[in-house]
Amino acid sequence: MIDYQNHTLAVDGVPLTQIADTFGTPCYVYSAAALTGAFEAYRSAFAGLDPLICFAVKANSNLSILQHFARLGAGFDIVSGGELARVLAAGSPADKVVFSGVGKSEAEMEMALQAGIHCFNVESVNELARLNAVAGRLGKRAPVSLRVNPDVDAKTHPYISTGLKDNKFGIAFDEARAVYKAAASLEHLDIVGIDCHIGSQLTDVSPLVDALDRLLVLIDQLAEDGIVLEHVDIGGGLGIRYTDETPPDIAAYAARVAERLAGRQLKLVMEPGRSLVGNAGVLLTRVEYLKLGQDKHFAIVDAAMNDLMRPSLYDAYHGIVPVTQKDGLAALTVDVVGPICESSDFLGKNRALAIEQGDLLAVLSAGAYGSTMSSNYNTRARAAEVLVEDGQPRLIRRRETLDELLANERELLKD
Ligand SMILES: *Cc1c(COP(=O)(O)O)cnc(C)c1O
């Protein structure tokens, strides 16, 4: 876990000062104990339902983190052929993988059919047709679940971003029954399930439960049509605490789900991402310069928007704390910014920090949608990643080298 020990922030007992000395900065640091704790919270809350908990790989796709979850018994929710390659490389059995996303290519479908994944979460009529054709060509049958858009009332739950009529995800609720009938007539598909995913960082589970209620209505209608589903996938979306949010109580959520699934022969699948990794990681960075202005002060750090994009992209808030607590040092109100040539390159604004130039900072809650959204903007090598397991830090992604960054272009230079 991540806490102060003798005034120094530590991950599973290892001081971040030591990690910075060994691996350099910027660097993502994860707690294996926190990953396990988050997974076990789901597993124990839903124990009575024996669910397939598919970690949403896009939240954090590092091979060692995927391996950690695979060893705990997790399945995986992927959104690309690249993510499939990752989960297989991490040792996950293919039959625990569900494949989401609106734009699956033929090559990706082939890859997933050859691997033998658990299920394709199909998001459109034309995707069904393509999948049927690809499966036919390979002499395979494709297991299919339709991602249904439950159109949960936005007025009561305005923060939902993917479960409403007017977005690109899923099949409209009103059309789903007809699409299922059409799907059932396609020769190379096995209709096995239904799924939805209505949004991310939800702090209230009511919309998730409302969405499940809508799916259950549809499931009963489909049974009347002779289409009997094996599983219901309730998606991901549970929020975490970045600052003062109250994250949903997983046990209370599980109780409401269990109540609804009681007496039904339906396997439960879910796709949590952020809530399994978000608070298990920090981004460790060093203050390169303190720049004190007349109106505003800046802490210019060695991490930037290319390392952690969420503040720039969504104006997301991440806690930022000094790695070493220094007694008697006055706090300064600073914007914590990176070296990138964009005004949007900030990690936090107006933070009161008792720091000096050269100090280490930890950007908190950076385990989800941090490293996976990183880029090479400004020709910056992507950060190293370290996993602390049983008090031992282990490098799980080497810092990129400049040679690696140039390689794909250097060979193509003209004389
Ligand atoms: C992103 C995503 C998830 C995970 O969402 P979180 O908010 O990180 O839990 C699950 N399912 C699908 C289809 C997704 O796109």
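For all residues, glycine too, the Cβ spot is worked out from N, Cα and C.
Keep in mind that TrEMBL annotations are predicted by a computer and have not been checked by a curator.
According to TrEMBL, the feature domain 'Orn/DAP/Arg decarboxylase 2 C-terminal' maps to 27-367.
Taken from TrEMBL, the feature domain 'Orn/DAP/Arg decarboxylase 2 N-terminal' covers 37-277.
Marked as N6-(pyridoxal phosphate)lysine by TrEMBL: K58. Counting Cβ atoms from all protein chains shown, K58 (N6-(pyridoxal phosphate)lysine) has 19 others lying within 10 Å of its own Cβ.
When secondary structure is read from DSSP and collapsed to three states, G237 (pyridoxal 5'-phosphate binding site) falls in the coil class. Taking the Cβ of G237 (pyridoxal 5'-phosphate binding site) as reference, residues of its chain lying under 8 Å away and at least six apart in sequence are, in sequence order, H197, I198, G199, S200, Q201, L202, L208, P272. What TrEMBL lists as pyridoxal 5'-phosphate binding site is G237, E271, P272, G273, R274, Y369.
TrEMBL lists R274, R310, Y314, E342, Y369 with the feature substrate binding site. Under a cutoff of 8 A between CB atoms, and with a sequence separation of 6+ in the same chain, Y314 (substrate binding site) has no neighbours.
Residues annotated as active site, proton donor in TrEMBL: C341. Within the same chain, residues at least six positions away from C341 (active site, proton donor) with a Cβ under 8 Å of its Cβ are N378.
Proximity to R274 (pyridoxal 5'-phosphate binding site), defined by a C-alpha to C-alpha distance within 10 angstroms, is shown by the following recorded positions from K58, R310, E342: K58. For the domain 'Orn/DAP/Arg decarboxylase 2 N-terminal' (37-277), the predicted model reports an average pLDDT of 94. Checking the binding-site residues R310, E342, Y369 against ligand 1, not one has its Cβ under 6 Å from it. Nearest by CA distance to E271 (pyridoxal 5'-phosphate binding site), out of the recorded positions K58, R310, E342, is K58.
Taking a C-beta cut-off of under 8 angstroms and a sequence separation of 6 or more, G273 (pyridoxal 5'-phosphate binding site) has the following same-chain neighbours: F55, A56, V57, K58, A59, N60, D77, S200, G236, A368, Y369.
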